[in-house]
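The block underneath contains the structure these notes are about, expressed in structure tokens.
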Amino acid sequence: MTTNLQNSPLDFSNIQTARGLSYRVLCAGLDGTQFASRLLEDALGMGDVSGQDRRLATELTYGVVRRERTLDAIIETFVSRGRASVEPELWCLLRLGAYQLIFLTGVPTHAAVNETVALAGSVGRARWTGFANGVLRSMTRALTGEPVNEPGRRAVPLRDGDYLGFDRDLFADPHEQPAEYFAAAFGFGDWAAQRWLERFGFERLLKMGFWFNAAALPCLRVNLLRVDREVLLEDLSAAGVSATEGTLPESVRLGEMARITELPGFRQGWFTVQDESAMAAARLLNPAPGTRVWDMCAAPGGKTTHMAEIMQNQGTLLASDIEFRRIMNVEQTRDRLGLSVISTRTIYPDSRNLPDGPFDSILVDAPCSNSGVLGKRPEARHRVTAENVAELTELQARLLGAALDRLVPGGRLVYSTCSIEPEENRELVLSVLAGRNDVELLEEQEHIPGEPVDGGYQALLQRT
């Protein structure tokens with residue numbers, strides 16, 4: 001990670017601004033080999049960056065990654081000489097400037113243009129300034145300033161159902177080529193756009209697109225072993241934080257963005273961040289106190305700790321994952337929430353050191369395409385492809401089969417993903433069960449993004 005940040009052809013030595021840090025991360029990620037989230041974490045740790053700049057750098061970085069395809073379609077309209085003739089780092093700079101112009105309403109137009117142009121000089125590329133200035137100012141003049149309330153060739157989807165109008169065509173006609181429009185205007189791959197259109201229809205597809213591109217407000221899962229939900233809500237209100245009861249007894253929905261670690265009760269282990277669709281997995285498995293439980297793919301630990309709370313912190317709960325760094329995250333959350341029932345194990349990718357079992361309950365929260373949580377996983381939207389899903393289903397089938405072998409007779413297992421692709425969900429489960437006569441499917445749950453939670457799937461299985 002750090003190597004990618006340091007080995008840039010540009011001079012970032014004097015850059016400590018939010019825009020400079022974001023640009024540094026975006027350039028380091030151009031080869032697609034590393035996650036922007038980890039690169040950003042490294043970049044923020046290299047210098048003394050204020051809280052406000054940290055938030056802006058995060059918004060810019062994730063925003064550009066999330067809307068990369070949309071930005072490219074718009075920029076291509078204003079670059080007459082063609083993208084192939086533009087250096088990748090310069091194109092990255094144009095993305096950063098265009099994102100501020102179009103999607104950051106709190107940034108004045110002149111600031112978006114001037115700061116982007118100045119950044120070119122700051123990184124030792126003064127020869128870029130004229131070109132960047134011309135492209136961004138042409139883009140500014142093309143904004144109509146008129147409200148647009150429906151999709152169109154000249155309409156850029158923003159957030160919360162709004163569109164921004166341009167004076168020229170940017171995308172395919174949504175009435176004639178709805179999948180092509182959605183892919184470019186909302187920032188998704190062609191394969192995902194086409195199959196979602198066929199499955200959900202255009203109106204729901206638009207709703208999903210706005211959901212994925214919105215600034216998702218955090219949902220908290222209350223640790224009922226330490227505090228009642230009403231007490232947490234009262235403390236949040238006293239601190240001036242807008243929050244309401246969620247749809248589940250242990251969930252609280254925040255009404256605004258907040259620094260989670262500074263909220264009342266965080267240090268006391270009163271809550272952790274978890275979407276309600278993710279809470280469904282542990283609730284469906286419902287492991288009993290005093291039993292032996294295994295969370296096969298545990299990191300970062302949200303579902304692990306939820307199960308421990310359901311177990312009343314009684315019994316044994318083994319949390320395993322293939323990355324030691326991620327297992328450390330599980331341990332940190334475990335300790336903060338005071339859940340002593342959880343032990344951890346780092347397993348090898350080839351699964352040769354899986355626990356023997358048997359277990360009364362097992363959760364397989366399988367690695368997946370993340371297609372149900374693309375608002376929270378900005379890079380994942382570019383990996384929702386037929387090839388990637390096919391590769392994942394092979395791994396998912398192996399994990400599910402290995403876990404089923406370690407269940408006691410009568411034991412229960414939940415197979416869970418944060419995907420909405422049938423190949424990773426129901427079709428995968430039925431395929432695995434077709435090769436066995438000792439397991440039955442008891443229940444399934446499917447969550448569609450934007451209703452009003454993230455997407456996902458859970459299947460409850462029992463060994464006979």
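Just so it is clear, glycine is given a Cβ too, placed from its N, Cα and C backbone atoms.
Database features (TrEMBL):
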type     : residues                                                               : note
ACT_SITE : CYS418                                                                 : active site, nucleophile
BINDING  : CYS297, ALA298, ALA299, PRO300, GLY301, GLY302, LYS303, ASP321, ASP365 : S-adenosyl-L-methionine binding site
DOMAIN   : 208-464                                                                : domain 'SAM-dependent MTase RsmB/NOP-type'
Cβ-centroid neighbourhood (8 Å) of the S-adenosyl-L-methionine site, CYS297, ALA298, ALA299, PRO300, GLY301, GLY302, LYS303, ASP321, ASP365 excluded: ASP295, THR304, ALA319, ARG326, VAL330
Spatial separation of CYS297 (S-adenosyl-L-methionine binding site) from CYS418 (active site, nucleophile) - C-alpha basis, Å: 13
CYS297 (S-adenosyl-L-methionine binding site) CB neighbourhood, other CB atoms within 10 A: 22
Recorded S-adenosyl-L-methionine site residues CYS297, ALA298, ALA299, PRO300, GLY301, GLY302, LYS303, ASP321, ASP365, farthest C-alpha pair in Å: 13
Spatial neighbours of LYS303 (S-adenosyl-L-methionine binding site) that are distant in sequence (at least 6 apart) but have CB under 8 A: GLN274, ALA278, ALA281, ALA282, ASP295, LEU363, ASP365, SER416
Neighbourhood of ALA299 (S-adenosyl-L-methionine binding site) by C-beta distance under 8 A, where only residues 6 or more apart in the same chain count: ALA319, ASP321, GLU323, ARG326, ILE327, ASN329, VAL330
Conformational class of LYS303 (S-adenosyl-L-methionine binding site) under the three-state DSSP mapping: helix
ASP365 (S-adenosyl-L-methionine binding site), number of other Cβ atoms within 10 Å: 25
Three-state secondary structure, CYS297 (S-adenosyl-L-methionine binding site) (per DSSP): coil
List of residues, in chain order, with Cβ under 8 A from that of GLY301 (S-adenosyl-L-methionine binding site) and at least 6 apart: ALA319, ASN329, VAL330, THR333, ARG334
